[in-house]
Amino acid sequence: MRPFLLRAAQLLALLALALSTEAPSLSAETTPGPVTEVPSPSAEVWDLSTEAGDDDLDGDLNGDDRRAGFGSALASLREAPPAHLVNVSEGANFTLDARGDGAVVAGIWTFLPVRGCDAVAVTMVCFETACHPDLVLGRACVPEAPERGIGDYLPPEVPRLQREPPIVTPERWSPHLTVRRATPNDTGLYTLHDASGPRAVFFVAVGDRPPAPLAPVGPARHEPRFHALGFHSQLFSPGDTFDLMPRVVSDMGDSRENFTATLDWYYARAPPRCLLYYVYEPCIYHPRAPECLRPVDPACSFTSPARAALVARRAYASCSPLLGDRWLTACPFDAFGEEVHTNATADESGLYVLVMTHNGHVATWDYTLVATAAEYVTVIKELTAPARAPGTPWGPGGGDDAIYVDGVTTPAPPARPWNPYGRTTPGRLFVLALGSFVMTCVVGGAVWLCVLCSRRRAASRPFRVPTRAGTRMLSPVYTSLPTHEDYYDGDDDDEEAGDARRRPSSPGGDSGYEGPYVSLDAEDEFSSDEDDGLYVRPEEAPRSGFDVWFRDPEKPEVTNGPNYGVTASRLLNARPA
């Protein structure tokens, strides 16, 4: 009975204190960072408020008591618990403080671990006509374990629970919950319950450890830089005063060495007849270029300072970069000319160009047109080089009479004709010669192959003669045949011997047939020594009277005929006519 009475006394004390105490305004604080409340887009609403029962004080809360949206319904019957969003870096300490205007006399802290909660925000949630701020979690946010008790807060006169919770606030008699060296496993919902229900809800998100601070990186080392800021046009009337000194902005960078500087003002007349007056910036940095010394329209353009008049100068011999922008007035300098023109006349109207040098190099420049209303022209700043005047040679200096080098007039080198293909070098000559030789070899080889192929084709092609049918046929090979030596009149090689050859009479009478010529060669002798008689051609049938010679049909073999060996060898070695 004693434990039961003790528990009953605890519950009665909690209920009495809760009814007599107003709901406090809750806050959350983290160490080292403050509480962050971030609005979120629409997401699924989970109100994780629960009602604490008798069994909740004995140990872990039942996870089934968490009902989505049920806490909002309870919020319409009583004051909703404040909701807080706390972001903590990994490894940091944080403290959840539930104190407000009214102290919480007794309560218990619970923890619900969740994962995947990327979109979390504190948003106004309305149920019917009642609205209250509540935590809004994304759909990907899911609990990993049931909600469990992690600490309690009771007055000193109330006996404590026998079981020590896993995490106990060091301030046992105040509604604080402190977590040391937070890890990602500490991400979740922390709720403070009292006898009437949830009193405060905290969502703690433990993120990655912030990167260690890096050593500050200074600007890259650079040389001094200057920039002139002035008016590009000034209108005046005769008798007025105008100042040519612009504002010079200086950035000395990391330089610690003294430097020299000059400020030069150049004057050029700007005729009113020029609709546009051009100032070419490349010529400020390269005043000796041929294009700058001999521009196309020198009267309406400012190109090289060598073509203008130097009207004023400031020369600084040694100046410290530690002075910053004050070096123009703090450093000693030598000057001549007038920077401020008082009681100006109309003759002083024109273009004034300021060129500033730093250690002998052009650092910045600026221009201003000082003119009356009648002589005002439009000035245009060009970023390209001007066009070269016709007849200007392409050699150094750009002039055919004299050039300027560091203020000294020297004769110009002789002009050379312009070669659009560049200067001829031995390498180019070698390439041209090699190309010509290769082309000659290719053409000669092609011609030789054509001649060779044509000769081979002519040698292998048989000779054909046309016929009356319009076709072509192989031409017969005619040669003399051996006959009786009585018909021999001379050598075959003698052209006149052909006329003396005898022809046998036609067996057909006047049929027009003319037999073949008989051979009169001495070599055509009868091969047989037994028969010394004359060879008589056998009678043949009459033939046509055409003048075209046809190849005779094969003769029957004659036993004692002439020797055709010489004739056969001649036919085999004969070439087509």
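Cβ atoms are placed via backbone N, Cα and C, with glycine included.
Taken from Swiss-Prot, the feature disulfide bond covers CYS274-CYS300, CYS283-CYS292, CYS319-CYS331, and the record attributes it to similarity to another entry. Annotation source Swiss-Prot lists transmembrane segment at 429-449, citing sequence analysis. Marked as motif 'Internalization motif' by Swiss-Prot on the basis of sequence analysis: 478-481. Summarising the annotation, Swiss-Prot assigns region 'Disordered' to 481-538. Positions annotated as region 'Acidic' by Swiss-Prot: 485-496. The compositional bias 'Acidic residues' annotation in Swiss-Prot covers 488-497, 521-533.
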Using Cα positions only, nearest of the disulfide-bonded residues to CYS292 (disulfide bond) (CYS274, CYS300, CYS319, CYS331): CYS300
Nearest recorded site to CYS319 (disulfide bond) by CA-CA distance, among disulfide-bonded residues CYS274, CYS283, CYS300: CYS283
Length of the line joining the Cα atoms of CYS300 (disulfide bond) and CYS283 (disulfide bond), in Å: 15
Integer Å distance between the CA atoms belonging to CYS274 (disulfide bond) and CYS283 (disulfide bond): 20
Residue pair CYS274 (disulfide bond), CYS331 (disulfide bond) - Cα distance, angstrom, rounded: 41
Long-range Cβ environment of CYS331 (disulfide bond), under 8 Å and at least 6 residues apart: TYR316, SER318, CYS319, SER320, LEU323
CYS274 (disulfide bond) - helix vs strand vs coil (DSSP): coil
DSSP-derived structure type at CYS319 (disulfide bond), helix or strand or else coil: strand
